[in-house]
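Novice: After the structure tokens below, expect a handful of questions from me.
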Amino acid sequence: MKPLVVFVLGGPGAGKGTQCARIVEKYGYTHLSAGELLRDERKNPDSQYGELIEKYIKEGKIVPVEITISLLKREMDQTMAANAQKNKFLIDGFPRNQDNLQGWNKTMDGKADVSFVLFFDCNNEICIERCLERGKSSGRSDDNRESLEKRIQTYLESTKPIIDLYEEMGKVKKIDASKSVDEVFGEVVKIFDKEG
């Protein structure tokens with residue numbers, strides 16, 4: 001059985017992680033956050049990638065695609081090896097740019113099917129406020145205004161064109177993420193009840 005993938009995209013602070021947690025609970029998907037996998041790998045003293053990842057994350061840059069895909073693939077393989085029924089994955093914060101998308105197509109072509117792209121559309125200022133609020137308790141080194149403005153810039157220049165590309169293929173489900181968590185999830189449920 002091949003993995004069925006939903007890409008979850010949106011700017012920093014659009015609520016991707018929060019909504020993914022709820023989708024997992026209600027629909028039994030496995031949530032893979034590209035950013036989280038990279039952050040965990042960075043902390044792993046045995047990792048061959050740790051220092052490199054640290055450098056990219058600190059500078060607000062996008063980590064080389066080979067690293068990210070190998071981590072995502074490892075997680076999908078492990079999940080499905082443990083339980084063959086668990087073949088539905090939410091991949092959050094990926095693909096972030098053209099390079100990511102090409103890398104995915106090259107490595108995963110025929111090995112995984114992308115059902116659709118869930119796009120959380122959110123006003124930049126709202127996103128920044130949410131992240132600054134989160135930064136007070138998250139301890140994430142990139143939840144500060146300077147890093148955030150860089151991340152939003154990167155998102156607009158690199159990720160938005162990917163969303164537009166999938167839009168042309170009719171694969172994007174767009175949600176207004178500036179509303180409350182419950183309202184946003186209400187919209188998510190409508191999509192997943194239909195798409196599954």
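Using N, Cα and C of the backbone, Cβ positions are placed for all residues, glycine too.
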Novice: Considering the ATP binding residues G13, A14, G15, K16, G17, T18, K179 given in Swiss-Prot, which of R42, R134, R145 is annotated for that site as well?
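Specialist: Between R42, R134, R145, Swiss-Prot records just one in the ATP site with G13, A14, G15, K16, G17, T18, K179, namely R134.
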Novice: Here are some residues: K43, K136. Which is flagged as N6-acetyllysine in Swiss-Prot?
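Specialist: Per Swiss-Prot, N6-acetyllysine applies to K43.
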Novice: For the feature N6-succinyllysine in Swiss-Prot, which residue out of K106, K171 does the record point to?
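Specialist: Comparing K106, K171 with the record, Swiss-Prot tags K106 as N6-succinyllysine.
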Novice: Provide, as an integer number of angstrom, the distance between the C-alpha atoms of G93 (ribonucleoside 5'-phosphate binding site) and K16 (ATP binding site).
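Specialist: It is 8 Å, counting Cα to Cα.
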Novice: What are the helix, strand and coil residue counts for the region 'LID' (133-143) according to DSSP?
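Specialist: In the region 'LID' (133-143), the DSSP-based counts are 6 helix, 0 strand, 5 coil.
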Novice: Hey, of the recorded positions listed (K16, K55), which one tops the CB count within 10 A?
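Specialist: For the recorded positions K16, K55, the Cβ with the most other Cβ atoms within 10 Å is K16.
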Novice: Please list, in sequence order, the residues in the chain of R39 (ribonucleoside 5'-phosphate binding site) that are at least six apart in sequence and whose C-beta is under 8 Å away from its C-beta.
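Specialist: Same-chain residues close to R39 (ribonucleoside 5'-phosphate binding site) (Cβ under 8 Å, separated by 6 or more) are I53, I57.
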